[in-house]
Every structure is written in C-alpha cells, then in structure tokens.
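Engineer: This structure is in structure tokens; I'll ask about it shortly.
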Ligand code: IVH
C-alpha cells in the first residue's frame, strides 16, 4: 500500500470508529487502539504534508458525523477542545519543557493536577444564576442540546447561590455503584449490558425519556469556568473554588505542583487511590494554573497548549483472537484459553486470555478471528469480555469443544449440572503439571525461582514425575547445571529455595496439597483447628464442618481427598522429606497470637509495609483484616494522607485510631 492509500485507509477507519462511538454509545475498539491509529495518521500527515486535509480526523475533535444525532444542534460559543495524551513521566517532562519554552525566560509556572473523569463532556450555561442550557461536546464546534435531560441530574444546581452569567464545562458520569446496579438489572431483563460506565453515562444522557436520568442516578462534575481570566481570577484553582462556592460540584482534587517529577509522584498516588472512588477515572489532567499564561500559550485546532492529559494504564484493550488452546488444570478442569495478537494491558504484554468455559464462549458469541475486548481486573489473569461483531469479515471460525483431553486423549467428562469439562485421568500429565505449578506457587510453598517454565522442563526431562520428586531434584544437580540458561548459580539458588521450603508453615503445606476448594485462608483455619495432619486426616465430614469458615462442600472435599490413596502417598512422601505437618508452637498458643480477636484496617500510604505485607502481618499474629470501616472495626492504622476512612472511623467514635509505629509496637509486645 502506498503512503496516500495508507493515509486514506486510516482516515476511513478512524471516521468509522468515531461515528460508531458517537451514534451508538459504545466503542468498537479500545481507546488505546484508537489513539494508536490517530498517532499513526498524525505521524504520516506530518511526514507527508502534501496529503494534509482539513477534513482529516486529526483536525477534528469528537464526533465526525453529526447527522445521526437525535437532539437539537447548538454551536458552542467557544469550541470544546480535547486534550493530548501522555502515558509516562518523560512525556510529562516534554510537556513542561514545551510550556517553559513558549513562555518568557524565568516565568514561574504552577501546574494544577486534577482527576480525569471518564464520562462525556458537557457545557452548561447559567444566566442570572439560572441554568438555561446544557450542550454535549459533539464535534467540538457543534454539540447536542441536552438541557431537558441534564436538569434531571440531582446534584446539578438549577439555580446558583448568586445570580451570575457563567458557562462551565465538566463531565457527566454514572457512579460505579449505579453502573453495577444498572447492568445487573439489564442482565435480568435479558438486555445487553453496557461495556463500561462511560458508555452507560452516554447512553443514559442521550435517552429521549428524561425520567430515566434520575432513575439511573447520573451525576456531573465540573472542571472549567469559561472566560475565568476575564473575570478577575488569577489562577484556574481559584476559579474552581469560585464555582464550588456557587454550589457546583467540582472534580474534587486540584493539587498544585511545580515540576514534572512532583506531578508524577502525585499521579502515582492517585493511580492507586482512584480505585476507592465511586466513579471511573481514566487518567489525570495537568493544567497550567496561572490564567494569564493561557493566552500566551494558546491552542492548536484540537487542544490547548496549557493542558495535557495523563492516561492511566488501560484496564481494557482490543485485540484479535488467533486461536484457542484447551488447558488442563490441576483439578482436571479443561479451560479454553484465547491465543491473542500481543497487546499491552495495564503495563504488561498480554498474549493469552481466559475464555472461562464453552458456555461462556457461546453466550458471548466468540469466534476465532474475532476482534475482542480483553480486561484485567485487579491482578487477575486477563479475560475476554466481548467480541466485536461489527468487525467480522466472514472468515471467522467457530470454537469447538473437545471430546477428548488435549493432553492425554482420555474421553472428557462433564459432571451433572456443571458447565466445565474435566479429564478423569488421575495421571494425566497436564493435571500433574498443574499440581506442580500450584505447589511451588506464592500462596503455597512459595519456592522462589521455580516458575511454570521450569516445571514444564523438569517434567519433560523426566527429572520429576510428581510433587514429591521436587525434593529429590538435588540428585540431578549436574544435569541441571548443563541445561540451557540454568547455569551453576541459578541451579544452586533453586535447590536452596527447595530446601528452604521445608520450613514453610503447616498451613502453607496444607494449601499446597491442592485439596479442592481449599485456598490459603481456609488452609490457615484448618491448620489452626487440626494442629497436625494426622488429626485432620481422621476428621469426619461433620467434625470438619464444625470448624469456623469451613462449609459442607469443602468439608466433603477434604474428607474425600484424604481417602484417596495417591494423596495419602503424597503426604507420606512429603513427611519423609521433612516438611511441616504440624502447627508451629509459636502461632498455636493463643497467648502468642498477640492480635487474636482484633480487627484491623489501614488507610493512606504506609512507610514500612506494602499493602499485602501489613495484611499478612496482621493475620500472622492472629488478627483479622476488614475491608471497610464499620462498627466491627477495632483499629484503624493511619498512614500518610489518610482519606475518607479516617473521617468515617472518627464519626463512629469507638474505633481506635493508631499510627503505623503504634501498630509495630503492638506487634512487638510480648
Ligand atoms: S479540561 C480545554 N479537566 O477529558 C480543556 N477535561 O480528553 C478541556 N475530562 O474533553 C478539558 N476530566 O471531556 C479537563 N479534570 C478535567 C477532565 C477533563 C475529564 C475530559 C473532557 C475532555 C477530555 C479530554
């Protein structure tokens, strides 16, 4: 394809995606993919200016085709511009450098940092303090009059505290709690769910029936007062305070920073903190705070030069499914995994994503060759959310459920009422590999340096055939050292980690055994209640059910597990190698469980612990972690910049509020 054709194709694709988004309230591709296409086009147009064209999407903001809209069109008094995006500190530095370069030497520049709400932008006009008009962004020049609908947003004042003439700009959002409720209801009614809160907000605002707005709980936050520089304000932050005092909800935080480095520190902070907010944020907005500098800096046709957006790593991206592999897990469950065209998601490269089971594939109508949305929820493996049917070419093929195990070819079984298929072969190599990977994993024996690749290699070479063999690996020291990429040092390290794992607590060993339904928390309960493996093995289902936190399904699974000869052999083998099969005295005696019976929660940034570490410490000493402030909470540990949890705890009044140092003292008391 020559350059001209490439440019034409990019413009056509971008226009199609953009038009679809603005008239259907849902996207065919993710923002990141869309940005990438835009960037490609922009680069080509810059490199080959002979092909520049004023109708190119790079010259426009938002919707490119306003024909299909259902509302009255209104021309904005001032165009509603967009923002350029940045993704890392060096791009922020480029921005601050650029700002400095455009200003006279030694100009003192402050930056206001705000959350970037992920909804749809709106411009609202008040005359003599009365709300008279609300218009969507549209193509940036012409938007849609949605006044009838906007007035249904409860938090938005219809009359201001003062009779002023102002135009403000902000973002209409659907709070996350409302979004979840809405999707749940839609699912129950058999309707399509909204892919994300932004689409839901957009779909809701553009409803012809305005009563739906109130019902669904739409909200709006504002971040911009038009013409603030001519109203006597010196800074953007000052103008936001002004509108706040008039009764308007603003984006909440507006922090002042002096440098790219300082901005990045606060962005990192909010990157974590945003998870606690009830609305979706897709990044932060950095604005030059001094209003008198805005004019000097000016704007391009698309965006102002005094502001820029920083985008948080995306949780959702689009890519293509190249194929499907059926994976056998440690329990024999056979799971479909999508093999993807590699994409970046939340900062890591992703090539595979879970498709859960065949029923899900059918329900979501997913085919090989489809463009799909994938998502990574907090630390979980990526999952395929939905396929984009509009992008099908006809060459896509159906995914077929296997009748035989893809590893050992045994005929698969499906238990009654279950959706999953399973391999019933107890010695299926796929299953054994899964058991081994689980055994060495972090929550179980946590054998450092023993990843799934090594498990795979050891199995392939015949050095291990089952879990117990891990503890005999030292016999193969020489052979291991001769292996590609292993080397003397890493072999010694691996063998040392294996030895060290023999000291892991009884509860970790219990977890590592891979009893169905027993994870690290239930393993701890079982370890504490039984004291040693022999007692546990001899417990009846009823006795097991009496242990707090152990339900009937788990009790039965534990009972069955220890009635399986192979599993008993595993226990005996591991015992012979010296693994811990009884509760450590230190944690058994309640007196040493210094935090026993106490509940904890922490807030803010801690200086001595990572989030997971403090939780572990609390549990290790017998305490319990709570997930929210409630009357059941005994201690709130406050770090730096403690947020709303602190206020809530103070309001309740009975909660002891302690510092991190006081918590450490508590742990060290004997
Ligand atoms: S300022 C001319 N501030 O992000 C400056 N925008 O990608 C206008 N947005 O069109 C934008 N939160 O819809 C600004 N705190 C914030 C924002 C924000 C969300 C949206 C807005 C804008 C888009 C740009």
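Positions of Cβ are set from backbone N, Cα and C atoms, glycine also.
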Engineer: Among 11, 98, 137, 330, which residue does TrEMBL annotate as binding NAD(+) together with 31, 32, 33, 34, 35, 82, 83, 114, 171, 287, 311?
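Structural biologist: My reading of TrEMBL gives 137 as the candidate in that site.
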Engineer: For ligand 1, pick out the recorded positions 83, 116, 287, 405 that have a CB under 6 angstroms away from one of its atoms.
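Structural biologist: Near ligand 1, sequence order: 83, 116.
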Engineer: Taking Cα atoms as reference points, rank the binding-site residues 31, 287, 405, 408 by distance from residue 116 (active site, N6-AMP-lysine intermediate) and give the first.
Structural biologist: 287
Engineer: For each of 408, 423, 428, count the other CB atoms within 10 A of its CB; which of these binding-site residues has the top count?
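Structural biologist: Counting Cβ neighbours within 10 Å, the top one is 423.
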Engineer: Enumerate same-chain residues with a sequence separation of six or more from residue 33 (NAD(+) binding site) and a Cβ-Cβ distance below 8 A; give 'none' if the list is empty.
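Structural biologist: Same-chain residues close to residue 33 (NAD(+) binding site) (Cβ under 8 Å, separated by 6 or more) are 317, 318.
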Engineer: Compute the mean position of the Cβ atoms of 405, 408, 423, 428, which form the recorded Zn(2+) site, and then list in sequence order the other residues of that chain whose Cβ is within 8 Å of it.
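Structural biologist: What remains near the Cβ centre is 328, 332, 406, 407, 409, 410, 412, 424, 425, 429, 430, 431.
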Engineer: Do me a favour and check the Cα-Cα span between residue 137 (NAD(+) binding site) and residue 405 (Zn(2+) binding site); whole Å is fine.
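Structural biologist: That separation, Cα to Cα, works out to 54 Å.
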Engineer: Hey, of the binding-site residues listed (83, 405), which one tops the CB count within 10 A?
Structural biologist: 405
